[in-house]
Amino acid sequence: MEQRSIAFIGAGNMARSIIAGLVCSGYPADKITATAPGPARREPLARDYGIHTGDDNLLAAEQAEVIVLAVKPQLMEEVCRPLQGIDLSGKLVISIAAGISAQRLNEMLATELNLVRVMPNTPSLIGKGMSGMYASDLVAAADKAFAENLMRAVGEVCWVEQESGINGIIAAAGSAPAYFFLFMEAMQTEAIRQGFDPQTARLLVQQSAAGAAEMVVANPDTELATLREQVTSKGGTTAEALRTFNEHQLSDTVAKAMRAAISRAEEMEKLF
Ligand SMILES: NC(=O)C1=CN([C@@H]2O[C@H](COP(=O)(O)OP(=O)(O)OC[C@H]3O[C@@H](n4cnc5c(N)ncnc54)[C@H](O)[C@@H]3O)[C@@H](O)[C@H]2O)C=CC1
Ligand SMILES: O=C(O)[C@@H]1CCC=N1
């Protein structure tokens with residue numbers, strides 16, 4: 001893929017996940033810079049992946065062809081303000097922030113940005129990310145292709161036509177690893193209560209989760225419901241477990257949780 005110089009402004013969990021995935025997929029580490037105010041986040045990135053790091057956002061952004069805004073939404077305005085002095089016209093700006101619209105980013109950087117919004121997730125760290133992407137009509141095809149290839153290097157991508165679709169991506173993918181982790185935590189806790197030591201309980205849960213996920217990936221033409229039915233013997237144990245989930249409205253709870261994530265993103269769009 002095309003190799004442009006990239007500055008990650010913010011070196012937290014999500015930036016680290018993307019950087020790790022990129023470097024492991026062969027993207028040259030010396031084309032990547034990440035900034036953060038303190039050494040605690042920067043130094044492990046320099047050590048583990050050989051990228052450049054620093055605390056000077058302005059310098060990093062000025063020198064890069066691609067700027068990835070990767071700070072918390074509530075800090076975005078404060079971080080962007082000093083970058084207003086840079087000529088951003090030839091640069092591609094990628095924002096991974098939840099709940100900050102393209103229009104707000106244009107305001108924060110006082111220019112009509114060449115902007116792609118990306119909603120990634122942390123499995124990018126191991127090349128298994130899922131990213132949703134949105135670009136306005138202004139963004140050149142070459143920049144869209146670069147952004148897409150960048151995120152493809154760390155997982156799967158899909159584009160949304162409307163910017164509001166990014167909030168749907170948050171609910172279905174950006175936040176989603178946490179739902180599965182929560183489910184696995186709950187299972188591990190109960191397995192420990194059943195007498196397994198924590199390590200064995202984790203192994204039981206993680207291997208079942210990884211096996212189930214890999215079966216889904218390996219059988220794209222098989223409905224999820226069919227895979228579920230193949231586990232569920234009539235009158236057997238799984239049927240009882242699933243009946244309990246249904247009695248407690250698992251599907252409704254999942255739907256409510258996903259809608260809550262979307263509502264929060266919409267709320268953040270007004271707050272920040
Ligand atoms: N964590 C996740 O799973 C996902 C996060 N995102 C988005 O990614 C963005 C970052 O989130 P996380 O990585 O989770 O947060 P984080 O808190 O782990 O990382 C934020 C980073 O920003 C740095 N920072 C703080 N002030 C700064 C400044 N003035 N200049 C430069 N860097 C500064 C911090 O040192 C930290 O390294 C957020 O906007 C979030 O919405 C999007 C999708 C998934
Ligand atoms: O929790 C959040 O707001 C961010 C966006 C998606 C995942 N983490």
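Glycine too: its Cβ is placed from the backbone N, Cα and C atoms.
TrEMBL annotations: computationally assigned, not manually curated.
Annotation comment: TrEMBL describes 6-99 as domain 'Pyrroline-5-carboxylate reductase catalytic N-terminal'.
Cβ neighbour count for I9 (NADP(+) binding site): 26 (other Cβ atoms within 10 Å of its Cβ, all protein chains included). Per TrEMBL, NADP(+) binding site is recorded for I9, G10, A11, G12, N13, M14, A70, V71, K72, P73.
Listed in sequence order, I9, T35, V79, P82, L83 are the same-chain residues at least 6 apart in sequence whose CB falls under 8 Å from the CB of N57 (NADPH binding site). TrEMBL lists N57 with the feature NADPH binding site.
Sequence annotations record features per position, and here TrEMBL assigns domain 'Pyrroline-5-carboxylate reductase dimerisation' to 163-268.
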In three-state DSSP terms, the structure that I9 (NADP(+) binding site) belongs to: strand
N13 (NADP(+) binding site): tally of other CB atoms within 10 A of its CB: 11
